[in-house]
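Taken straight from TrEMBL:
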type: REGION; residues: 1-21; note: region 'Disordered'
type: COMPBIAS; residues: 1-13; note: compositional bias 'Polar residues'
type: TRANSMEM; residues: 48-71; note: transmembrane segment
type: TRANSMEM; residues: 83-102; note: transmembrane segment
type: TRANSMEM; residues: 122-142; note: transmembrane segment
type: TRANSMEM; residues: 163-186; note: transmembrane segment
type: TRANSMEM; residues: 206-224; note: transmembrane segment
type: TRANSMEM; residues: 245-263; note: transmembrane segment
Amino acid sequence: MESLQTTSIQRDQAPSMKHSKRGGWTTFPFIIVEEVEDLKILIKIMPLWSSSILLSTTIAMINSLTVLQALTMDRHLGPHFKIPAGSFLVFSILASALSISIIDRFLLPMWKNLTRRSLKPIQQIGMGHVINIFAMVGSALVERRRLRVVRTHHLNREPPGSVVPMSGLWLMVQFIVIGVGEAFHFPGQVALYYQEFPKSLRSTSTAMISLLIGIGYYLSTAIIDSVRRSTGWLPDNINDGRLDYVFWLLTAIAFVNFGYYLLCTKPEH
């Protein structure tokens, strides 16, 4: 930062000159103070932004792995309707949409009345991190229950695709919690980046969320592949695996990442 400060000059300061070999005068390239300040702001916000990469990664992994769970569970609603495995993601979207409405209309005004302060975007993101950890724990507990039913009925010895006599609606738990967490950290991140980014990059700031989600899905694929190669937790037949261990691993990742987030927020305080 100090080197950036020393190399900057005022916009209205005349650039230095030198005589060129071909004759005439040329100007030294210079950095305008405003551009240096913009760069300093970006450097300052990047660690905080990077703390949400693993947050998006854990959510992406939950979304992918839960579909595998749903394929092995009883997804019937009544005698004639069966919920498609991929449609369970809708519960997360609905929970997120409903939670955003509740937060904006009730929670934020209540917080302001009680504390005489508005809830800061950093605090919203932090709440999203904590709720996401609970979602990972919930996923692990639901999977442990599913595996217990698998062993009770000896389905781990059956070929892949055997249906476990356990309702797929259990998966709503983790998706609802994830949706509530997203209602905190995604709007918080949009507000934070729009607030902190330089004016010249305000339109770019809103795209940072999409970049996080994209990186998160790529990383989730890499982590799943690494787990499959190095452990026996994710075989082709998940009834004979330990998917609950994967969820506990995600819990640990989310917990450590939350610690990193807290370190990144210290300069903001």
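Using the three backbone atoms N, Cα and C, a Cβ is placed for every residue, glycine included.
Just so you know, TrEMBL annotations never went through curation; they're auto-generated.
The structure displayed is predicted, hence computed values, not measured ones.
Recorded stretches compared: 48-71, 83-102, 163-186, 206-224, 245-263; the one with the most Cβ pairs under 8 Å to the transmembrane segment (122-142) is 163-186.
Within the same chain, residues 48, 51-52, 54-55, 57-58, 61-62, 65, 125-126, 129-130, 132-133, 136-137, 139-140, 143, 227, 231, 233-234 sit at least 6 positions outside the transmembrane segment (245-263) and bring their C-beta atoms closer than 8 Å to a C-beta of that stretch.
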